[in-house]
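Working notes for the structure below.
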Amino acid sequence: MPSAPSAPVIMWFRQDLRLHDNPALLTATRLGPVIPIYILDDEHAADQRMGAASRCWLHRSLDALNQQLDGHLQLFRGPADTLLEQLVQHYDCRTVTWNRCYEPWRINRDRIIKEKLQGLGITVHSDNGSLLWEPWQVLKRDQTPYQIFTPFYRHARDSVPVRSPLPRPAEIALAAVTPYSALKLADLELRPNHPWADKVLHHWQPGEAGAQQRWQTFMEEELLGYGEGRDLPAQPHVSRLSPAIHWGEISVHQLWHDAQAIGHEDALAFQRQLAWREFSVTQLFHHPDMDRINLDRRFNLFPWHDDAEKLNRWQQGLTGIPFVDAGMRELWQTGTMHNRVRMVVGSFLVKNLGIHWHHGAAWFWDCLLDADLANNSASWQWIAGCGADAAPYFRIFNPVTQGQKFDPHGDYTRHFVPELAKLPNRYLFCPWQAPKGLLQECGITLGGTYPEPMVDIKVSRQQALDAYAHMRQAT
Ligand SMILES: Cc1cc2nc3c(=O)[nH]c(=O)nc-3n(C[C@H](O)[C@H](O)[C@H](O)COP(=O)(O)OP(=O)(O)OC[C@H]3O[C@@H](n4cnc5c(N)ncnc54)[C@H](O)[C@@H]3O)c2cc1C
């Protein structure tokens, strides 16, 4: 007698938009014919719903995944709990698989979904597809999370093995079912009808194939020199994989083990940066309100000077401080910003302009293709001085000397601030110090072709230091 065909298994893709090293997909393919789905769940995300740039990326990434699945990816829009209940009943499924996500709203939602499905007699398999170390694996002896990165990293690296990447399923038997969802990709309305959307993705190839290609190129041509080069925004020594890592188009387990196999100092430096992401996720897991609340509560008393006009000039890259403007324009034009420059523009907003880090984080959230709740919140708290292992309050990046040091030939700054291109390096980062005649020769009018600096760097630095000193005395 032929054995009864096994019931279809729902594989719920989330931040794991790949076939290779995908534990939940591998489990699904072993248990039965697969129904692959994606749910755009803005209802549960509420005020942490994706920003505009992330949506553009997701649009292209879902398209790529759907092609890999021969057009069988079913798309849904709405609250995931209700949709999943309907789906398992409609298809008479016995199993649902997914890889875990770690944003607090997703953790809460997924717990409820799991209980509901189990109540219906459904087995739920959840796996780790996106972290080297789960947030509960690397804790101090007293079972609290590390506040300092280096001991966190040493502990993790030396005592919690990173599992090897899993193979891509030899064959994905897709369930021969009529789609329950009639939604097409365009119906998710992820891509705004704005020329910015095309422009911002111009230099990127979202999806698993693009991520693998980027990684190969980086390993072969750019990784050597990463340790020092990763601080120089004009150099090609960073991987630019952060959006692909965020969406799980490439697995961090693969990155870790490939880097381990290469083994030179630059590869080890790259592993260390991967671990910063793990540190951020661990922080967010243990402080679920980290995107809103200062980890160092003393900062609740800090006297921020929120000013819409100043914020607007910062967002537009019109502060009159060239290295800051270069970074903010890079963000707007390309959907990313080099890490060194993120630190400099962040410090300028929070410390020189005295504007709350929430505003910087919100702008990044909307504009970054790699917007990630854990990394963004942790990094902004770090910049403001109130986060884990934060920059001490007295470390205020000087955007002039940072530019001179990390963009020594001015290539990066000239590219994004072309109106200053003719200025010699000596004045490129501080055009207000250039002799009038030279400015004229270079076709620059401060306050005309390029803005006057919106604050005096030394004066605003001192004001920040005074405010911090006051806060420390008051707490
Ligand atoms: C204010 C601010 C906001 C940030 N917001 C985000 C964000 O929303 N999303 C995001 O992914 N990163 C964020 N970062 C961290 C970092 O800037 C980016 O991860 C990095 O620039 C991505 O470029 P890359 O892929 O070329 O990095 P590479 O240098 O090639 O590093 C490889 C990977 O390691 C991880 N990584 C590297 N540096 C860091 C870091 N400092 N913290 C955490 N993870 C790191 C990323 O996943 C990155 O893709 C932020 C940093 C700052 C200062």
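Positions of Cβ are set from backbone N, Cα and C atoms, glycine also.
These come from TrEMBL:
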- 7-132: domain 'Photolyase/cryptochrome alpha/beta' (DOMAIN)
- Y226, F270, D370, A371, D372: FAD binding site (BINDING)
- W304: site 'Electron transfer via tryptophanyl radical' (SITE)
- W357: site 'Electron transfer via tryptophanyl radical' (SITE)
- W380: site 'Electron transfer via tryptophanyl radical' (SITE)
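A Cβ distance below 6 Å to any atom of ligand 1 is met, among the recorded positions Y226, W304, W357, D370, A371, by D370, A371. When the binding-site residues D370, D372 are scored by other C-beta atoms within 10 Å, D372 scores highest.
Closest to A371 (FAD binding site) in space, going by CA atoms and restricting to the recorded sites W304, W357, W380, is W380. For the FAD site, whose binding residues are given in the record as Y226, F270, D370, A371, D372, the maximum C-alpha distance rounds to 23 Å. Note: the CA-CA distance between W357 (site 'Electron transfer via tryptophanyl radical') and Y226 (FAD binding site) rounds to 29 Å. When DSSP labels each residue, the domain 'Photolyase/cryptochrome alpha/beta' (7-132) comes out as 61 helix, 26 strand, 39 coil, counted as helix, strand and coil in that order. Taken together, the residues of the domain 'Photolyase/cryptochrome alpha/beta' (7-132) have an average pLDDT of 97.
Its Cβ placed at the centre, Y226 (FAD binding site) has 23 other Cβ atoms within 10 Å.
Its Cβ placed at the centre, W380 (site 'Electron transfer via tryptophanyl radical') has 26 other Cβ atoms within 10 Å.
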